[in-house]
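According to TrEMBL, the protein carries these features:
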ACT_SITE  Asp245  active site, proton donor
BINDING   Arg54, Gly55, Ala56, Arg97, Gln204, Asn255, Lys256  substrate binding site
SITE      Cys165  site 'Transition state stabilizer'
Amino acid sequence: MTISMEKIPHPRSVVWQEDRLLLLDQRRLPAETVYLELTTPEEVREAIVKLAVRGAPAIGTAAAFGMYLGVKDVPDADAGRLWSTLRRVGEDLRSARPTAVNLSWALERIRRRLETLKERPVSELKAALLAEAHAIQREDAEMCRKIGEHLLTLLEDGMGVLTHCNAGGLATAAYGTALAPLYLAKERGWHLRVFADETRPVLQGARLTAYELQQAGIDVTLICDNMAAAVMQKGWVQAVIVGTDRVAANGDVANKIGTYGLAVLAKAHGIPFYVAAPTSSIDLQTPTGADIPIEERPVEEITKGFGLATAPEGVRVYNPAFDVTPAELVTAIITEHGVIRPPFGPGLQEAVQRSQG
Ligand SMILES: CSC[C@H]1O[C@H](OP(=O)(O)O)[C@H](O)[C@@H]1O
């Protein structure tokens, strides 16, 4: 199934154009649609660190193109410099953000692909690298649409769905993961009522999810994070759907801070809690959620969000960007291969193996 990128119902976050990478600057949404034109891996790393590009799959894709930017001007006669540059740029990009496994997954996929061609001329290696970056992006779009189709089998027309952060088209190559079923439901003429958590402190839900869904004509209601319990208590939510930055081998899920609390609330209200997870976000080498590195971000995201001082100077701040939801609070994990129910271990292994061919 090939996705026609011209027909996706939202702006593209990562676009390769001739010899440069265009990144939709998500820090400026929803007020401004501005694309950064990047020509070096250092610029790509900075864009990832500063959340100009964000969302686990989008980060992986941007890093893959960043690898090509790092080597595209290496002389064809200098194979040694190509390999040393690949190692340096790979490590530099990998260190940009620690939690989303898609970043290291994409870089490792590039490395493995080039290792199979290590005796080939530099020109062939560079062409193969760029082709692999395009393949990662293309496959991500296809995975997202398939996740949407599988998630739709768990929903019904007329349902209320609550989501957190942005696991939408802006976080991926197309359609998103958690938001994919909402786009497909719209295509089928369903009416789903979406409640989007604003998702402090960076407000990906308010700035990105509400924006994406409103642009697509999907019924979305923006709520503050602390309103999710009341919305569930009113009976307005029949499913919670979130994305993920990393699923551990036992089914523990790292996702945007606040996800764990939603899972506890969903359990308390008897609401299914679904995690949309492309296999590129599943990390079988990480045994449990306790082993997932959790990124801590600058205090200013909380004390001076969007430039407005909202806390006393010098106050102590704790700003983890993610939390871990234990597998026992997850109803199902939905990959591009289908719906996985507990116990998650065997199903996660099978899904990853299917993706490795
Ligand atoms: C399909 S996006 C996955 C994930 O990434 C987001 O984090 P961030 O905005 O910090 O990159 C969020 O946790 C999404 O659920």
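Placement of Cβ uses the backbone N, Cα and C atoms for every residue, glycine included.
TrEMBL annotations: computationally assigned, not manually curated.
Keep in mind the model is a prediction, meaning the values are calculated, not measured.
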Pairwise CA distances across Arg54, Gly55, Ala56, Arg97, Gln204, Asn255, Lys256 (listed as binding substrate) top out, in Å, at 17
Closest by Cα to Cys165 (site 'Transition state stabilizer'), out of the recorded positions Arg54, Arg97, Asp245, Asn255, is Asn255
Restricting the recorded positions Arg97, Cys165, Asn255 to those with Cβ under 6 angstroms from ligand 1 leaves Cys165, Asn255
So Asn255 (substrate binding site), by the Cβ count within 10 Å over all chains shown, scores 31
Excluding Arg54, Gly55, Ala56, Arg97, Gln204, Asn255, Lys256 themselves, the substrate site's Cβ centre has within 8 Å the residues Ile59, Ala100, Cys165, Asn166, Ala167, Ala171, Gly243, Asp245, Ala321, Phe322
Cα-Cα, Gln204 (substrate binding site) versus the residue listed as 'active site, proton donor', nearest Å, comes out at 14
Arg54 (substrate binding site) has its Cβ surrounded, within 10 angstroms, by a count of other Cβ atoms equal to 25
DSSP, reduced to three states, assigns Gln204 (substrate binding site) to helix
Filtered by Cβ under 8 Å and at least 6 apart in sequence, the residues in the chain of the residue listed as 'active site, proton donor' near it are Ala56, Thr99, Ala100, Val101, Asn102, Ala254, Asn255, Lys256, Ser281, Phe322
Row Lys256 (substrate binding site), column other C-beta within 10 angstroms, all chains, value 26
